[in-house]
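Asks: This is the structure, below, for whatever I ask next.
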Amino acid sequence: MDAILNYKSEDTEDYYTLLGCDELSSVEQILAEFKVRALECHPDKHPENSKAVETFQKLQKAKDILTNEASRARYDHWRRSQMSMSFQQWEALSDSVKMSMHWAVRGKKDLMLEESDQTPTDKIENEEQDEQKEIKKEEFGSTTEKMEQKESKSVEKSFSPQNPDSPGFANVNCWHLRFRWSGDAPSELLRKFRNYEI
């Protein structure tokens, strides 16, 4: 009982900090961080350093616990519960003792970005729809260009391009700009932004 009351957490107990990663890190990320830190403090590279062996063993233990799914779940549960005992003592307890202890466990951190729920077939269908939209835009663009050319020819006949003060010159340019604005279809990204889906 005294051990629990006098317990002080050590930095070596936080395996995520020891490896330099986060509780949301994947196994691949954990292994990559382990390799970097293991190369820095490997006992073979630093034979004169007496703490190199101890540090390497802690890194190895952290990697073993965090790369195993079951032991990582137990470690995360212990870490979030903030129990006043070391992880080794927690592991030594039987499941019945763990069940009889009541405490509030903090939840896991939320992801900053949501994972994609789309399946590969959904992505292919979306890509096909995007291609069809682009083809329609290109067709629409070529027809509008033809219309613009016809309009500009008729405008050239009725108004002098060298005289911008002629009565209908400004009106023609405004109509041209309005037509372009109405012809531009909003992109899918813009639609999602406007509908607060992003």
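Placed from the backbone N, Cα and C atoms, the Cβ positions cover glycine too.
Straight out of Swiss-Prot:
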type	residues	note
MOD_RES	MET1	N-acetylmethionine
DOMAIN	14-79	domain 'J'
REGION	112-167	region 'Disordered'
COMPBIAS	120-156	compositional bias 'Basic and acidic residues'
MOD_RES	SER160	phosphoserine
MOD_RES	SER166	phosphoserine
MOD_RES	SER182	phosphoserine
Asks: State the mean pLDDT for the domain 'J' (14-79).
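Replies: The answer is 87, the mean pLDDT of the model over that range.
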Asks: Per DSSP, what is the residue tally for the domain 'J' (14-79) in helix, strand and coil?
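Replies: Per-class counts: 48 helix, 0 strand, 18 coil.
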